[in-house]
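Presented below is the structure to which this report refers.
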Amino acid sequence: MTATRLTLTRPDDWHLHLRDGDMLARVLPDTARRFGRAIVMPNLVPPVVNAALAGAYRERILKALPAGLDFEPLMTLYLTERTTPADIAEAKASGFVHAVKWYPAGATTNSDSGVQQISRCHETLAAMEQHDLPLLIHGEVTDAHVDVFDREAVFIDTLLRPLVQRYPKLRIVLEHITTRQAAEFVAAAPANVVATITPHHLLMNRNAIFTGGIRPHHYCLPVLKREEHRLALVAAATSGSPKFFLGTDSAPHTRGAKEAACGCAGMYSAHGAIELYAEVFEQENALDRLEGFASFHGPDFYRLPRNTGTITLVREPWVVPAELGEGATALVPLRAGTELAWRVEGLAG
Ligand SMILES: NC(=O)N[C@@H](CC(=O)O)C(=O)O
Ligand SMILES: [Zn+2]
Ligand SMILES: [Zn+2]
């Protein structure tokens, strides 16, 4: 029997880019209408490297939130080789910093201030383990000689395995996993090692970057992989395992920044995020497992209460606009101009 209505505990997004200024104001309502909370990525320019900057960014987010929307930004710090154990203690004491993000320098958008050599962060990582502040990881090596499609698998073998052994109590989220190797590594790892999965890596394989020509809006990092990897991610997400949970990695870039000779990495999905995940779970006959993935596994890992409200999805197709925003914030959303199968009740489709 096909479900036509699905009520879930209000979900959260455990990996989100909100940016700043006009773009923040443009994208925040899309997330806040669907999700109760989000882990907000710190890769601003300049990056959010301490609790004071995270607190100021948090204030800007709350100020940009339209009246009547109930949403809590969960802040993160950007790990650099200069982050100290004292920065970690202060972040933990703030109460609003919930994790620290490791960007290997050069791996992705706004990662230039990231870590060149993780060995330079050992004391800081030990402080995170001690203060029980989770480490979030963009898991790709940056060596130019490693094939772009292999960078996540090589990262797992060369950097992640030793890290997990060195800090056995450090809580780790391997963000936006894209490969069978990542899904298998996380499934086999101890309970303190988990992963987020995006809607685009569940719905598309790398053919989507080249359908009928080059598709800059399907370029993100880690880049989309082969179908076998997508199938492994779908199996992990719909397995019911508490190690896998929702993180959209919705990453807005203006149309101009994407449709360029050297286009930026990142897809925007906040306008239809929970709807897109519902499509995946429906295709797998696993709609009964969507609530665990979207609403329970994340807060349980972060040791936060589950949300108390609900959201209702209805199976009513709607067409995603060709473009969202205007002028400096105009962006092309995922599935622009095409139908989504599910709609959030109470939101205009
Ligand atoms: N995923 C992306 O392709 N881009 C993200 C950065 C990131 O999450 O790696 C962005 O900030 O644009
Ligand atoms: Zn990333
Ligand atoms: Zn991201």
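Note: Cβ is positioned from N, Cα and C throughout, glycine not excepted.
Lifted from TrEMBL, the feature list:
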type: ACT_SITE; residues: Asp249; note: active site
type: BINDING; residues: His15, His17, Lys101, Asp249; note: Zn(2+) 1 binding site
type: BINDING; residues: His17, Leu18, Arg19, Asn43, His138, Leu221, His253, Ala265; note: substrate binding site
type: BINDING; residues: Lys101, His138, His176; note: Zn(2+) 2 binding site
type: DOMAIN; residues: 13-313; note: domain 'Amidohydrolase-related'
type: MOD_RES; residues: Lys101; note: N6-carboxylysine
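Features per TrEMBL, on structure.
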residue : record                 : contacts (Cβ under 8 Å, 6+ apart)
His15   : Zn(2+) 1 binding site  : Ile39, Met41, Leu136, Glu175, His176, Thr196, Thr198, Gly247, Thr248, Asp249
His17   : Zn(2+) 1 binding site  : Val40, Met41, Asn43, Asp249, Ser250, Ala251, Pro252, Gly266
Leu18   : substrate binding site : Leu24, Val27, Leu28, Thr31, Ala38, Val40, Met41, Ile61, Pro73
Arg19   : substrate binding site : Val27, Leu44, Pro252
Lys101  : Zn(2+) 1 binding site  : Met41, Pro42, Asn43, Thr76, Leu77, Tyr78, Leu79, Leu135, Leu136, Ile137, His138, Glu175
His253  : substrate binding site : Thr109, Cys264, Gly266, Tyr268, Leu331
Ala265  : substrate binding site : Thr108, Thr109, Tyr219, Cys220, Leu221, Val223, Ala251
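Annotation note: His15 (Zn(2+) 1 binding site) sits in a strand segment as assigned by DSSP.
Only Asn43, His138, Ala265, in sequence order, out of the binding-site residues His15, Leu18, Asn43, Lys101, His138, Ala265 have a CB under 6 Å from ligand 1. Checking the recorded positions Leu18, Asn43, Lys101, Asp249, His253 against ligand 3, the ones with a C-beta less than 6 Å from an atom of that molecule are Asp249. Proximity of the binding-site residues (Leu18, Asn43, His138, Ala265) to ligand 2: a Cβ under 6 Å from the molecule is found for His138. Shown in sequence order, His15, Met41, Trp102, Tyr103, Thr108, Leu136, Ile137, Gly139, Glu175, Asp249 are the same-chain residues outside Lys101, His138, His176 whose Cβ sits within 8 Å of the Cβ centre of the Zn(2+) 2 site. Considering only the residues assigned to substrate binding, His17, Leu18, Arg19, Asn43, His138, Leu221, His253, Ala265, the longest pairwise Cα distance works out to 19 Å. For His176 (Zn(2+) 2 binding site), the count of additional Cβ atoms within 10 Å of its Cβ stands at 27 [all protein chains shown].
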